[in-house]
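The feature domain 'FAD-binding FR-type' is assigned by TrEMBL to 71-173. What TrEMBL lists as FAD binding site is Arg122, Tyr124, Leu139, Lys141, Met148, Ser149.
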Amino acid sequence: LQTMSGNEHDWLALRPQEPSPSQCCGSGCKPCIYDVYEKELAQWERAKAKQDKSLLMEKKEQSNNSELNPDTFTAFSISSVEQLTEDTYQYKFELPGNSSLRLSLGQHIVLRGVVNGLEVQRAYTPISPGNAEGYFEVLMKCYEAGLMSQYIKTWKKGDMVFWRGPFGGFPYQPNKHGELLMLASGTGLAPMLPILQSITDDEGDETFVTLVGCFRTFDKIYLKPLLQDLARYWNIRMFYVLSQETSLEKLPWSYQENTYTGRLNEDLMKTIINSCRRRPFVLICGSSSFNEDMSRYLKAAGIEENSWFVF
């Protein structure tokens, strides 16, 4: 049996590893982690054919600059951790100098974590404005059995965390739509916030917005002070749908008139659409079952499929 030469062995050690399914976040990123793997594999094969390891160095240099990049992961330091509810946290990450992520609206970034030696990747949408300087913030929900959640729960201030991106996003243009109807469940609120803030920051943008936030209980509504501030603008309305509250009496009076108990169902959807001031364009973000339900209710309410966008 021919033994592998030391040289062969070295090259095999440098061969990029094929991603496991858990590493793909499933958000349709361009490039996907599999695309990145194909590119690195081709680079490795070229280098090996020429027996020139320096050809593998270009990707190493790339990830040292502390800018976000869709192809390679870049480390960012956690500057603060804030617990919002029992299972939801807001993390603030440092950006070098006064740089900003320069995300377009509703774009997401992909986090890499390692749990018990298994690499996992998940997509998150920063909630800070895309032009925020020196930092970005991400809202994260931790699940009992979630692999990524086990990793996130260990984070503390000063830890380095790896991100790549940005991907996706909703191509928002001021005044393009008469009214935006935002349907958000839980942390699905994240991609809505930068869009809302860009509308309230732009005096020339007269788009109406109706945000419907679906949460289990009143205590589980995230970022209440921010949402209350945004709701003071003349063109912004907020509704809340609380699936596990039985009565509105315990709620602060300022919430009672714009909150519904139970679930956002077909009838409530029709009521909300009929209360919109203009024909709405709809943005949807939540779990896949939430997104499917909302699409179904919109169809039933007579909204055409080209009039909604799912994050």
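For all residues, glycine too, the Cβ spot is worked out from N, Cα and C.
Since this is a predicted model, take the numbers as computed values, not measurements.
TrEMBL feature annotations superimposed on the structure.
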residue : record           : CB count, 10 Å
Arg122  : FAD binding site : 21
Tyr124  : FAD binding site : 23
Leu139  : FAD binding site : 22
Lys141  : FAD binding site : 17
Met148  : FAD binding site : 20
Ser149  : FAD binding site : 18
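Excluding Arg122, Tyr124, Leu139, Lys141, Met148, Ser149 themselves, the residues of that chain whose CB lies within 8 A of the CB mean position for the FAD site are, in sequence, Leu111, Val138, Met140, Cys142, Gly146, Ile152, Thr187. Largest Cα to Cα distance within the recorded FAD binders Arg122, Tyr124, Leu139, Lys141, Met148, Ser149: about 14 Å as a whole number.
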